[in-house]
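S.K.: One structure, as structure tokens, below. Some questions next.
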Amino acid sequence: MEYLPNSYPCEDSKLCEPSLLVPAPVLWGPEASGSTVLQCPPLPGSLCPRAHARGAERAGARPVHPPCRGARHDKPGPGCVHVEGECPCAARAEASPQQAGEEPEEVSLQRPGVKRVVEVGGDGGDAEHRLLLLDPTSVSSPGSFGRTETEALEKSGVPLELQHYELQLTYENLKSEEVLRAVLPEGQDVTSGFSRVGHIAHLNLREHQLPYRSLVGQVIMDKNPGVTCVVNKTNTIDSTYRNFQMELLAGDGNMVAKVRENGMAYEFDFSQVYWNPRLSTEHERVVALLRPGDVVLDVFAGVGPFAVPAARRGCSVLANDLNPESHRWLLHNCKLNRVEGRVRAFNLDGRAFIRGPLRDELPALLGGTGAVHVVMNLPALALDFLDAFRGLLGGPRGRPPSAGSLPRVHCYGFSKQEDPGRDVTDRASASLGAPLEGRCSVHLVRNVAPNKEMMCVSFTLPEEVLYSGHGAEDGAPEEPAPKRQKCEDTTD
């Protein structure tokens, strides 16, 4: 393979010696077309491939299929490279409005900042043809078209004739995976996936990727419109509150996010509370079980992803969270969505909430017309809190209601066992002191990490648990010091 070496001075003295010449890594190779190798545009601003990717050792950078052939390149300077070449596949059509037609999406060129349909002028300077640029990795000849694409082109009056169109590609036209694959050392994982929370991109970089975290953060921010802040989790979640420590990789450092989920608006300080956009479907699933007039007792409410939509659905909600910041933003989000009249918020330990406000309200709630749902979304510990329901309404608190009006509990837990459903069922049974086999349903929420699942076990709280004589008596200590709450160790 022939490489086109190009060295340019590093402009960031913080990352690299000012006089050091850095070989720009090769991105495009000649495998697909035998074309001249194209050079990867250097990253803009102060990013230095030498500091992060040991550019001097990268003369043999991994190539990918070229976007064009017959390519040439301008003499590049720092932060400015233009790559020119020909897109090997373009379908020709007359430039009349009636023939715009449908574009065959699966084979058309998908590249940031590049129009898929371009106009080509005739001899008189007026637009004479339109060219539909095609993906060279999918189409190499007219025979490459499938039936769907062929019908779409014929419907638009486009003959199956291929020609070549000259393109200029810059850094703005490259995808984040392409840039990172080019500038990271051989053998490094290309990290382009992240969780997005409003304007914040949240990464979980592995230890071997940390030396390149600033570069990765800048590329992620550059390539994702609307992302103005990129952070990386710096520790395994193990704190009293549902949040984690993070470091700023790129951007302005504004941590107050604004998001929408299932039609609800939320605002919160992402550095102080817990929010996982990957739980959106689970929030929607549970809320869909509710009916107007039901009551929701949310033991670990966070900033309100269950409580707020439940209230909007016409339910009465008691929502609790130990984190003062979560409690503050929960109140804020209730007002933001105009449901503050349906939500009563508490700032207590989960066990104290169950043994306090929940126990005080439950007898009257069970005598009402609506169903009672208890939501316990703290997967690392929620199953251990189920013992707080033992004898909760025992003693002189009233006789058991009918089985149909007993609370319905939705409790979350992690499992690394081969049969995660049985595992969480057995653990819930042990905590309650009553068997749940055949009396519960188990739902797989998501895969958190290899061999680690997040599960939800739902069951009607057994009468023998709720009204047993083994609970806390009036005036007696209800519990030991609050357990130190851990939070979900998310692996994104």
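Any Cβ shown, glycine's included, is placed from N, Cα and C.
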S.K.: Need a hand: TrEMBL gives Asp321, Leu322, Asp349, Gly350, Asn377 for S-adenosyl-L-methionine, which of His283, His332 is also on that list?
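M.R.: Looking through His283, His332, the residue TrEMBL assigns to the S-adenosyl-L-methionine site is His283.
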S.K.: Between the two most separated Cα atoms in His283, Asp321, Leu322, Asp349, Gly350, Asn377, the residues recorded as binding S-adenosyl-L-methionine, what distance in Å do you get?
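M.R.: Site span for S-adenosyl-L-methionine, by Cα atoms: 22 Å.
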S.K.: Between 0 and 100, where does the mean pLDDT of the domain 'SAM-dependent methyltransferase TRM5/TYW2-type' (194-463) sit?
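M.R.: Averaged over the domain 'SAM-dependent methyltransferase TRM5/TYW2-type' (194-463), per-residue pLDDT gives 93.
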